[in-house]
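Below is one structure, written out as structure tokens; comments come after it.
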Amino acid sequence: PAWECPRDAARKAVCKSNHTGCNRGERGGYKCYCRTGYEGNPYITNGCQDIDECENSKKNGCFGKCTNTDGSFQCECSYGTRGDAYSPGGCFSVLTRECSRSCGNVSVPYPFGIGPAECYMPGFNLTCDTSQHPPRLMLGSLQVIDISLHNNTMHVINSDRVLDIHSGIGKQTFTFESTGHGDKVPYSLSTRNELILMGC
């Protein structure tokens, strides 16, 4: 391009760091910049340093396993899963016959699962109470009535702790991080909850 710096001027005299680009200024001189994937000072030796895109992988569109590389990153589904790592909830478990995808009338999409550890991501295990008719999907003592990967929400019923005056049922909404790993807590109480009291 007409405004690109001469290679010798850019690399030796002005832009001293690796991973830089250079443009001629409209009024003369040169302007250096760090190339995509790097940040820092392009005018000093080793001034442009690699950006670790995996520190905030979701901001960079990666919802799977993120691996930082020099000037870029790789995004893929975690071991034991497959699918689209660039979309929320896009990685699905390589299911075995022991993995159940529903309980009663509630669908159980990955990363949630019932059964062995390979059926779900850490922290997203659920149980199916088949002693009830119809069976109930459970998160501990809470009954799960809906899971939405699109909205990152799980609706649960907690009938043990809500006073049932007029046959009402206490409902709560949890939000979740659909790709929680390790000891990261996958649930938080949603701000969309409402507590409605009826009585005299």
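Backbone N, Cα and C define each Cβ position, glycine as well.
TrEMBL annotations: computationally assigned, not manually curated.
Residue counts for the domain 'EGF-like calcium-binding' (4-49) under DSSP, split into helix (H, G, I), strand (E, B) and coil, are 8 helix, 16 strand, 22 coil. Per TrEMBL, domain 'EGF-like calcium-binding' is recorded for 4-49 (among others).
The domain 'EGF-like' annotation in TrEMBL covers 4-49 (among others).
Tertiary proximity for the domain 'EGF-like calcium-binding' (50-92) is limited to same-chain residues at least six positions away from its ends with a CB under 8 Å from its CB atoms, namely 19, 35-39, 109-111, 118, 121, 149-150, 152, 178-179, 181. Sequence annotations record features per position, and here TrEMBL assigns domain 'EGF-like calcium-binding' to 50-92 (among others).
TrEMBL lists 53-92 (among others) with the feature domain 'EGF-like'.
Residue counts for the domain 'EGF-like' (53-92) under DSSP, split into helix (H, G, I), strand (E, B) and coil, are 4 helix, 15 strand, 21 coil.
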